[in-house]
Amino acid sequence: MSTLSIDHVSRWFGNVVAVNDITMTIGPGVTGLLGPNGAGKSTLINMMGGFLAPSTGTVTLDGQPVWGNEQIYRHIGIVPEREAMYDFLTGREFVLANAELHGLGEKEAQRALATVEMEYAQDRKVATYSKGMRQRVKMASALVHEPSLLLLDEPFNGMDPRQRMQLMDLLRRMGDEGRTVLFSSHILEEVEQLASHIEVIVAGRHAASGDFRRIRRLMTDRPHRYLVRSSDDRALAAALIADPSTAGIEVDVTEGALHIQAVDFGRFTALLPRVARDHGIRLLTVSPSDESLESVFSYLVAA
Amino acid sequence: MYDPTVARLTYRGLLGRRRAVILGALPVLLIVISLAVRGFSGADDQVAADVLGGFALATMVPVIGVIAGTGAIGPEIDDGSVVYLLSKPVKRPAIIFTKLIVAIAVTMVFSAVPTLVAGLILNGNGQQVAVAYTVAALVASIAYAAVFLFLGTVTRHAVVFGLVYALVWEALFGSLVEGARTLSVQQWALAVAQKVAGGDLVTSDVGLPTAVILLAAVTAGATWYAGQKLRRLTLAGEE
């Protein structure tokens with residue numbers, strides 16, 4: 001069990017601040033590092049992996065500094081975003097070389113290849129591999145020493161849905177085994193499907209932290225959208241708009257539904273059923289239309 | 001300090017098909033020239049010294065040094081695959097040291113060995129010319145490999161800078177500007193060769209003690225600095 005602590009870390013390149021005073025703790029399980037492209041995710045992952053010195057602040061793994069400490073790699077496995085990986089080797093030779101650099105050998109390399117189910121292609125040159133196969137061999141090279149912390153930079157980039165699912169299963173398994181797994185992504189569905197914990201980075205800042213629902217709740221001061229179908233949409237709309245908890249209601253004639261924008265989450269959720277009952281209106285559908293990570297994210301980005 | 005796995009990866013990267021062809025081309029050219037010269041003008045000590053000094057040591061050795069030295073690390077840093085070496089509990093100076101050994105060995109094999117063969121073809125090692133230039137090539141291999149390995153850690157354009165140094169600085173400026181000759185790996189190596197040959201066929205503008213000190217200093221300095229550079233190497237950047 002390992003805990004990665006990022007303590008008031010900033011990193012700037014010349015005048016550009018890529019990471020701005022971020023503090024977070026990554027514990028066992030799968031954590032998603034979410035943010036749009038250029039938010040500073042790669043810079044942060046590079047600092048977590050000891051490939052970049054923080055301009056200020058510290059990154060430590062169980063109290064050990066990560067920067068300038070090659071012994072830390074006994075506990076860290078890294079899956080870089082970049083493709084290049086000694087293409088002139090076969091998959092087996094590549095993983096074996098990685099094992100040897102850890103002071104391990106054939107046995108561990110073979111086990112890692114089995115974990116990612118790449119034994120069938122292990123004697124082919126890496127140059128002949130598809131994107132998904134490369135990704136799996138990269139995973140094997142990162143797992144060969146059974147690290148307690150696994151860092152993956154945009155691991156799902158360019159993978160097809162089947163490969164994506166396989167990798168997600170594997171990462172979930174790693175998290176369940178008690179490893180600390182952190183992956184970055186700018187794709188919301190990926191993070192939503194896989195991560196039990198989410199850290200959101202926007203424009204170099206730590207925008208939110210927690211599980212998906214918690215992050216959503218942090219957003220309660222933001223308008224929430226609901227799709228409501230009822231026995232009398234117009235009457236319901238008229239009654240709801242009178243209350244300050246709603247900011248706008250659209251009567252969607254083609255859909256036969258109301259699009260309601262609520263500004264006071266708590267008050268609105270109490271108001272809606274009461275108003276419906278008082279006016280003798282039956283509620284047929286009440287669904288939050290933006291409970292997806294996408295909308296949470298766009299709020300955060302806009303903030 | 002020497003890591004066999006790093007060495008294996010470096011050898012296989014260096015001796016990959018394309019690079020091996022380039023590495024092999026110049027030695028083949030040297031042998032062909034030597035055979036032609038010997039065929040046309042017979043064995044002549046002065047001609048032998050001219051060919052070995054003018055082509056082998058002045059051009060072939062530095063160019064091979066550039067290819068082997070920068071090729072031992074530059075491409076890995078360039079494409080990011082060096083991350084697989086750096087994310088291991090292996091000391092970074094050990095990575096540099098190993099790569100230096102490999103670069104030196106490759107440079108020696110592809111430059112000193114053909115120099116000896118060419119020398120034997122040209123005049124059968126008369127007046128120790130072949131051996132003297134082979135020693136010079138061996139000595140120069142060490143310094144070139146170190147300098148160009150270091151270049152490979154500091155710039156993406158190591159090959160260009162390396163060739164500019166090897167061809168423009170050593171060959172051109174060296175013959176025009178007095179001071180440039182003192183700061184030339186080729187001249188230092190020649191100083192050692194001069195000692196071996198004994199006669200006046202092989203001469204250097206630099207005294208032997210100066211040459212040896214400068215060779216050692218440049219090799220050690222470049223290696224140390226490359227190690228430091230790798231310790232601080234960052235693979236980051238928002239791309």
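Glycine is treated like the rest: Cβ placed from N, Cα and C.
What TrEMBL says about this protein:
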| type | residues | note |
| --- | --- | --- |
| TRANSMEM | B:20-40 | transmembrane segment |
| TRANSMEM | B:52-73 | transmembrane segment |
| TRANSMEM | B:94-118 | transmembrane segment |
| TRANSMEM | B:130-151 | transmembrane segment |
| TRANSMEM | B:158-177 | transmembrane segment |
| TRANSMEM | B:206-226 | transmembrane segment |
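Relative to the transmembrane segment (B:158-177), the listed stretch B:52-73 leads the set B:52-73, B:94-118, B:130-151 in CB pairs under 8 A.
Take the transmembrane segment (B:52-73) and the stretches B:20-40, B:94-118, B:130-151, B:206-226: counting Cβ pairs under 8 Å, B:130-151 has the most. Nonlocal intrachain contacts for the transmembrane segment (B:130-151), taken as residues 6+ away from its ends with a CB within less than 8 angstroms of a stretch CB, comprise 48-49, 52-53, 56-57, 61-62, 64-66, 68-70, 72-74, 96, 99-100, 103-104, 106-108, 111-112, 115-116, 118-120, 122-124, 158, 161-162, 165-166, 185-186, 188-190, 192-194, 196-197, 201-202, 215, 218-220, 222-223, 225-226, 229.
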